[in-house]
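This report concerns only the one structure given below.
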Amino acid sequence: MLDLKRIRTDFDTVAAKLKNRGVSEDTLTHLKELDEKRRTLLVQSEELKAERNIASAAIAQAKRQKEDATQQIADMQKVSADIKTIDNQLVAIDQQVTDIITVLPNTPHDSVPVGADEEDNVEIRRWGTPRDFNFEVKAHWDLGEDLDILDWERGAKVTGARFLFYKNLGARLERALYNFMLDEHIKEGYQEIITPYMVNHDSMFGTGQYPKFKEDTFELADTNFVLIPTAEVPLTNYYRGEILDGKELPIYFTAMSPSFRSEAGSAGRDTRGLIRLHQFHKVEMVKFAKPEESYQELEKMTANAENILQKLGLPYRVISLCTGDMGFSAAKTYDLEVWIPAQNTYREISSCSNTEDFQARRAQIRYRDEADGKVKLLHTLNGSGLAVGRTVAAILENYQNEDGSVTIPEVLRPYMGGETVISPK
């Protein structure tokens, strides 16, 4: 959530930044007008309360002196009625301010490229060279069925579209991947966490999914619970409402969890395969950092995600998302896109973001600065390290052989009991 004081004192800068994120200046102007009216009413309310206190004292004195206080009482009742009217106005204005400010996206960092959509994203670097196949490559969904390791037909029967069963070495490959990813992140100083897979609405507000993106989630009927769309939500909210010791920062968390997404608005996109599912495993990275260190931590987090792809030998590129393509809470985002041979393109496999103090303000996560003893908002960061199903897709396609088998990447073999290849039955 944005700082209302910042909008008030630096309106033009905030308006220009949010314009690049698709927010009309009229929206901010209306917010500013509401804020000004609110502040005026607060002053009036305080003045009337002071007047009421004086009147109350005068009434008390008149009664002590056995004097008639009828007029003073009538005057005080009128003042009290005026205060109640103003307070009701303030409640209504506060709700309007909340309705606007809670759906405003974060302001982009100055280094973020300005653009409307993914066409305006900027490639930063590439790693690895896509393999030159001397045979016709298969899509990962065909490989999965031919190898009897992925079953979409029964997934659809048991649940519905965008669900599947992992089987045999497919299930083992998925498990090997997330164990490998977690182990690599732990080496880099991340604390492993097993989170709840359901969170409450306050947690969804804290990380920015609510109220704007409720349609993208699965809520449990007649409860306050939501299935997590990412482990970012429980990990970030771990410290919601707390004040941390500045000497403890930065703090790194990592977790593997299922993620549940309704994929509203994705009809017709990636209807086959592992790219877009309603339920998938993802290894998440979350950091809590001091403001002056958060962009250095973003570079480190991105490198942690890249490390996984490099050790798996998967070609990828790093993209800096433009203002029009970033997520709601992000101030800056790097996407990692892995090479998918059957599609002859790179597809997103990780997204690493610095939200600055946007989530921390919503969730009230603060720290006491050891330098001056003041309590301040910290910065939160999150990143995929990696989306496991998409990594399976990338391995199946990049490591496929002409005979229909798939070679298991060397770093995963210790996690798979020494298996080296997945062969057709």
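Backbone N, Cα and C atoms are what each Cβ position is placed from, and that goes for glycine too.
Copied over from Swiss-Prot, here are the features:
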- T230, A231, E232, E284, S384: L-serine binding site (BINDING)
- R261, S262, E263, E348, I349, S350, S351: ATP binding site (BINDING)
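What Swiss-Prot annotates, mapped onto the structure for a quick look.
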residue	record	Cβ contacts under 8 Å, 6 or more apart
T230	L-serine binding site	S257, S259, K282, E284, N382
A231	L-serine binding site	I193, T195, A255, M256, S257, S259, K282, E284, V286
E232	L-serine binding site	T207, E284, V286, N382
S262	ATP binding site	E215, D216, T217, F218, H278
E263	ATP binding site	R162, D216, R276, H278
E348	ATP binding site	D335, L336, E337, A387, R390
I349	ATP binding site	L309, Y316, L336, E337, V338, S384, L386, A387, R390, T391, A394
S350	ATP binding site	A305, D335, L336, G383, S384, G385, L386, A387
S351	ATP binding site	G327, T333, Y334, D335, L336, G383, S384
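Classification of I349 (ATP binding site) by DSSP places it within a strand. Of all residue pairs in T230, A231, E232, E284, S384, the annotated binders of L-serine, the farthest apart have Cα atoms separated by 9 Å. Fewest other C-beta atoms within 10 angstroms, among the binding-site residues R261, E284, S384, are seen around R261. Residues V233, L235, A255, S257, S259, K282, V283, M285, V286, N382, G383 surround the recorded L-serine site, their Cβ atoms falling within 8 Å of the Cβ centroid of T230, A231, E232, E284, S384, which are themselves excluded.
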